[in-house]
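J.: Have a look at this one before I ask anything.
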């Protein structure tokens, strides 16, 4: 069954890698010619900003996904489909990114696009949390050395952490550029502070933590 | 020869991962600006619906493909090319999805697009069944622990299961949106009920089934 | 160094999988609406034909690439870059396919597009042959059980086999659709008849051949 | 933790494979019909030239990335994110390539596009150097057989090598086509001359070097 996890990881990695790479297709070549090209390149700043933020968000999602699957040794049918749900949600991000980038400087539609972008991160957080709840509920899919009760206890912290996303939806009503900045900061925060999944054997936990914190 | 299977699986996983991810390229950024953006986003509902259904269909296809290859330990030339045929058919789905989404709300062309979409799932079912028939005919490609007669006996049930697809072609003559709903329900059904491939050693079969059913 | 081969194979498989999958992006959604959709779908037949032929060609290329790398256990710098050259040539095929499909029914430009398409298969054959020559020249990259002299002797047959491609360039001057048919037949032929790479140990060779011929 | 490296490599390989393959999407099908197709194909020469150069640049980047990760056995959080930064920069190359190709024959905008293209290679060199500095600073991520002091000593040579990129930015002010030629030559140079990462055990180093130099 080890190989079972292997192929889900490979498939998921493939999807993450493609999603994060086709993000760049949303940045168009400016139509401006001659010395106007500088201007045309500059005008596209919302696309660059949205690209960087979405790249970072998907990157952090991949790291989280990776962290969970490293602790699993078995796969069941619900996991297969909750994982598919997570991938479906992730795959839509290039589109929400394009919608936001296209509308970021339009005074009337910027907030609408920001609400769409932020709401989608909420949808992702929900999909990811339901995968995590399924995995921790019984704990039958974990490696033997994972501390199942400890893993279950992280649910609340995971859930609380996800509260940042609904807040960005509210922020979207006021300022789209600030919303983008908020998503950038949240991604940086989660990149630096991840909730560790506790292991049964204390020594191993410390060793693995020190590796990850260095 | 084990590694032979490994590389076919990796290549197929790559194709499935790319197909499922480039589905999103069929959802366009609305041209509407200002407060009209809400309206523009709403107008695209056929694209969202078609995206979800096709994502689910391809996801289930991947799970099925995966299930078959987990039971194989050898590869022969016909398998290589039947697998290529399956991948060729799968790769066309983003296009049939786009055609359906573009025409779903057009009273005259919706049925035509639905016939195309449904017929293509029939083509997929035929390609997949011929791969399964080849694999089960002699059974020389299976792992030793696979019950070859039992595997051969699943052909009829696989074939009967595929009868749902021609039915959606008929349904397409009457209603394109209902056809999309039907495909959604069929995908959900196959996601939840898969025909298990029997193993020789009863204990292992029970163990693996209980894993998959949990 | 085994793992060295592994990562080149994985990278190459990724490129092949992406190239074969993005082929479908050349098939556009017809602009025709209403009952004209049938007509619009029919009008695109050159795109479908070109898709099938190119998919098959790339699939056979992948099988050939795969066959060579299965026999290698070491990697040197020239191999790395000859492989990159092969991938560069393969990656251009979606474009030559699009050019051919767009022009296949235009009486004036069809032959030009067919010459481009056919010439590109010549370029591929040359790139692939130079990789094969490098690998067989010294034979230092092969697994121990590969018969190096036997492998070197296949060069001529490989080279003769590739003569079909320049012939399609000549055929392109007369008929673009016939050229496409010729490429289809050549791909089918190579799919069914591959030159085996001989192994030192006769028993293993027979066993592996019987596997591949079944 | 070995597998940890494995999954980062797989994810990175995926991104490199996709980036290098979607480069071809920047080459468009000419609009010219009839005998004008020759002319239309010829007019696109900047796209072909830019395609070849960028393919080579990304290919060399992949080889470099590969070389570094072959020497690592552990992964820490900064490496994860410096790697993500490298991938983010690489993923933008299809866009800088398109901008350069579109403007290469425009007397006014060619230099601007060349500056963009060249500057981006500087950004890549900086991202890659910071990954290399992190890896060599403590050396705690290396395999045991890597000579950590020797690896640290390569920093200067790596850094000096990267000086070619700022020079291309200066060259971009004078001639865009010459800049493209310069990037081609630099890529060829780095393809042929790579700074080896020294190993502790001299015998192994010699063996691996002779493999790579053959």
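Just so it is clear, glycine is given a Cβ too, placed from its N, Cα and C backbone atoms.
The model shown is predicted, which means the values in this text are computed figures rather than measured ones.
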J.: Check each of the ranges C:156-174, C:175-193 against TrEMBL and return the one annotated as transmembrane segment.
T.: C:156-174
J.: Let me spell it out: take the transmembrane segment (C:49-72), skip the flanking residues so only those 6+ beyond its ends count, and list any with a Cβ under 8 Å from a Cβ in it.
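T.: Residues packing against the transmembrane segment (C:49-72) from afar: 5, 8-9, 12-13, 16, 19-20, 23-24, 26-27, 79, 86, 90, 93-94, 97-98, 100-101, 104, 121, 124, 128, 131-132, 135, 141-143, 146, 151, 177, 180, 183-184, 187-188, 190-191, 194, 197.
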J.: State the non-local partners of the transmembrane segment (C:12-29) in its own chain: residues 6+ outside its ends, Cβ under 8 Å from one of its Cβ atoms.
T.: 44, 47-48, 50-51, 54-55, 58-59, 61-62, 65, 69, 83, 87, 90-91, 93-94, 97-98, 101
J.: With a Cβ cut-off under 8 Å, give me the same-chain residues at least six positions beyond the ends of the transmembrane segment (C:112-135) that come close to it.
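T.: Beyond its ends, the transmembrane segment (C:112-135) has Cβ neighbours at 57, 61, 64-65, 68, 72, 78-79, 82-83, 85-86, 89-90, 92-93, 96-97, 99-100, 102-104, 141-142, 151, 155, 158-159, 162, 165-166, 168-169, 171-173, 175-176, 179-180, 183.
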